[in-house]
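Worksheet: the structure to be examined is printed underneath.
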Amino acid sequence: MSRTLVLVRHGQSEWNLKNLFTGWRDPGLTEQGHAEAKAAGQRLKAAGLKFDIAYTSALSRAQVTCQHILDQLGQSDLKTIRDQALNERDYGDLSGLNKDDARAKWGEEQVHIWRRSYDVPPPGGESLKDTGARVWPYYLHTVQPHVLRGETVLVAAHGNSLRALIMALDGLTPEQILKQELNTGVPVVYRLNADSTVASKEILEA
């Protein structure tokens, strides 16, 4: 049985390039971002993977990444579920701000705490812990059952929503997950055991 879960962070967005806090705002992909998403599809194709179902967020940068991947695999019409449970962490009042401007307004130390602490949210926004509190139950109830049935499942989402998933899958502490970087457009391939524990993990770097 396959029992394969593939996580892909969306390709570079226009706001990644401009150094802006994005969160639930909805900028498109850059030219590089489109290329990263297509390259992710090519790497998955080279690995011999085909999907049974795909999941993505309610935000276009993840949806377009998902579609590019499926197009590269010749699976353009695959059933794809879109749900805001997989959305990026909501940065609240920081959304749309340049990160340097935010540091000037609130101070470098405070912005660093908001960005890199596990359970301190920015004003009006979510912490990584809050993000995990919506992502992990969605995974357990909606995504994982497909994987455990032996299917190969794609989740195309965002840096922090995927970090919340990886934290739970890998059994990481808050301190460990905060040090983990997730590059845009790089597939992370998990194979699960029948009891839902991780049998193997592979990162398909370029």
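Glycine is treated like the rest: Cβ placed from N, Cα and C.
Taken from Swiss-Prot as is:
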- 9-16, 22-23, ARG61, 88-91, LYS99, 115-116, 159-160: substrate binding site (BINDING)
- HIS10: active site, tele-phosphohistidine intermediate (ACT_SITE)
- GLU88: active site, proton donor/acceptor (ACT_SITE)
- HIS158: site 'Transition state stabilizer' (SITE)
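Everything Swiss-Prot records as a feature, shown here on the structure.
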| residue | record | CB count, 10 Å |
| --- | --- | --- |
| ARG9 | substrate binding site | 29 |
| HIS10 | active site, tele-phosphohistidine intermediate | 30 |
| GLN12 | substrate binding site | 21 |
| TRP15 | substrate binding site | 20 |
| GLY23 | substrate binding site | 23 |
| GLU88 | active site, proton donor/acceptor | 28 |
| ARG89 | substrate binding site | 28 |
| LYS99 | substrate binding site | 14 |
| HIS158 | site 'Transition state stabilizer' | 28 |
| GLY159 | substrate binding site | 18 |
Of HIS10, GLU88, HIS158, i.e. the recorded positions, those within 10 Å of GLY23 (substrate binding site) when Cα atoms are compared: GLU88, HIS158
In three-state DSSP terms, the structure that ARG9 (substrate binding site) belongs to: strand
Distance [Cα-Cα, Å, rounded] between GLN12 (substrate binding site) and HIS158 (site 'Transition state stabilizer'): 11
Close recorded positions near HIS158 (site 'Transition state stabilizer'), where close means Cα within 10 Å, chosen from ARG9, TRP15, GLU88, ARG89, LYS99: ARG9, GLU88, ARG89
For HIS158 (site 'Transition state stabilizer'): DSSP state (helix, strand, coil): coil
